[in-house]
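> Annotations per Swiss-Prot:
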DOMAIN    4-223  domain 'Radical SAM core'
BINDING   R13, K61, T91, K152, R251, V252, R253  GTP binding site
BINDING   C20, C24, C27  [4Fe-4S] cluster 1 binding site
BINDING   G65, S115  S-adenosyl-L-methionine binding site
BINDING   C246, C249, C263  [4Fe-4S] cluster 2 binding site
Amino acid sequence: MIDRYGRPLEDLRVTLTHVCNFSCFFCHMEGEDTESMQGLSPHQIGLVSRVAVEFGVKSVKLTGGEPTLRRDLPEIIREIRTSGVRDISMTTNGFLLANIAGKLKDAGLDRINISLHALTREKFKDVTGVDGMDRVIAGIREAKNQGFKPIKLNFVLTKRNSEEAKRVIEFSEEIGIDELHLIELHPVGLGRSTFSFHQGMEELEKEIAKIAVKSEIREKHFRPRYTLPSGLVVEIVKPYANPIFCAGCNRVRLTVDGKLKTCLYRDDKVIDVMYALSNKDLTLEERLELIRHGFEAAISIREPNFKYMMKIEAQQA
């Protein structure tokens with residue numbers, strides 16, 4: 001289904017929990033209110049996924065908090081898989097991944113994004129609050145052993161870890177990572193208080209572009225992508241105040257408390273479907289129909305957060 005700005009709905013991001021075993025200083029917690037910590041049940045997530053497929057959703061990404069803290073994570077993945085979703089991925093800090101990667105693969109998880117914000121032990125602990133670099137690296141290696149494809153690493157660039165970027169690039173090349181996402185720090189949710197650590201990407205991107213054997217713009221989100229001689233693809237993620245990024249947005253978020261959040265940056269553009277998910281007096285079809293109404297409403301209010309910048313640029317052209 002397409003919104004009034006011509007953007008199709010293709011992705012659903014599901015926040016499984018707000019609990020995390022890391023305390024990264026820049027975490028935006030998916031732009032959600034953190035008062036509600038426990039997420040929806042596997043069955044509830046499955047219901048929303050089932051309706052989402054009817055509206056054109058092809059892929060689901062599991063986020064947090066830290067998704068691997070959910071003991072029922074394999075069950076959640078199976079519920080989503082049976083709903084008809086084509087592609088299931090997850091973003092994780094990787095700390096627990098080495099022990100459960102096989103179970104997640106067997107349950108139907110296709111792809112993994114693993115956060116790696118430093119490759120020196122002291123800096124890793126400074127960024128995440130946890131002395132867990134070795135366990136994260138073990139998780140990355142086990143994900144490769146299990147055959148997840150592609151495996152992507154996420155690196156959030158800040159003033160506190162900018163010197164780590166090249167180390168992470170080299171590590172990604174050495175072990176055969178498919179893609180590395182260099183992500184701009186942006187002021188969303190809890191991340192607003194740490195935006196003073198924002199580090200521009202211009203110089204780093206120029207250095208990467210110089211050695212790249214191929215450069216392109218990702219069609220889905222209009223992000224620059226550079227293929228290095230090693231085969232590693234480096235993608236630049238700069239969503240903040242970026243109307244081009246907003247123009248390519250094709251996702252809706254399902255929050256831990258049962259709301260459809262239409263924009264990471266907006267707290268007012270949400271539709272509550274918790275009644276449909278939690279009312280035991282409703283039949284299955286009644287629940288599904290209410291969730292359908294929720295998606296229809298969400299799509300009707302969905303709009304690019306930075307559309308005002310589109311208007312300014314159009315006037316200046």
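Any Cβ shown, glycine's included, is placed from N, Cα and C.
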> In whole Å, how far does the CA atom of K152 (GTP binding site) lie from that of C24 ([4Fe-4S] cluster 1 binding site)?
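About 19 Å separates the two Cα atoms.
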> Reported as an integer number of Å, what is the Cα distance between R251 (GTP binding site) and C263 ([4Fe-4S] cluster 2 binding site)?
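For R251 (GTP binding site) versus C263 ([4Fe-4S] cluster 2 binding site), the Cα atoms are 8 Å apart.
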> Tell me the coarse DSSP state (helix, strand, coil) of C27 ([4Fe-4S] cluster 1 binding site).
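The three-state answer is coil.
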> Can you tell me whether DSSP puts T91 (GTP binding site) in helix, strand or coil?
strand
> Please identify which of C27, C249, V252 has the densest Cβ environment, defined as other Cβ atoms within 10 Å, among these binding-site residues.
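Its Cβ has the most other Cβ atoms within 10 Å: V252.
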> Least buried of the binding-site residues K152, R253, going by other Cβ atoms within 10 Å?
K152
> Which binding-site residues from the set C20, S115, V252 come within 10 angstroms of C263 ([4Fe-4S] cluster 2 binding site), judged by C-alpha positions?
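Of C20, S115, V252, within range: V252.
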> Please classify the secondary structure at C263 ([4Fe-4S] cluster 2 binding site) using three-state DSSP.
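The three-state answer is coil.
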> Specify the nearest of the binding-site residues K61, T91, C246 to C27 ([4Fe-4S] cluster 1 binding site), where nearness means the distance between Cα atoms.
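Given the candidates K61, T91, C246, the nearest one is T91.
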> Give me the Cα-Cα distance between T91 (GTP binding site) and S115 (S-adenosyl-L-methionine binding site), rounded to a whole Å.
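Cα of T91 (GTP binding site) to Cα of S115 (S-adenosyl-L-methionine binding site) measures 7 Å after rounding.
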> Consider the binding-site residues C20, C24, K61 and say which one has the Cα lying nearest the Cα of S115 (S-adenosyl-L-methionine binding site).
C24
> Below 8 Å Cβ to Cβ and six or more residues apart, same chain only. Which residues does that give for C20 ([4Fe-4S] cluster 1 binding site)?
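In sequence order, C27, G64, G65, E66, L69, N93 meet the Cβ cut-off.
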> Test of understanding: give the count of other CB atoms lying within 10 angstroms of the CB of K61 (GTP binding site).
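Within a 10 Å radius of the Cβ of K61 (GTP binding site) lie 19 other Cβ atoms.
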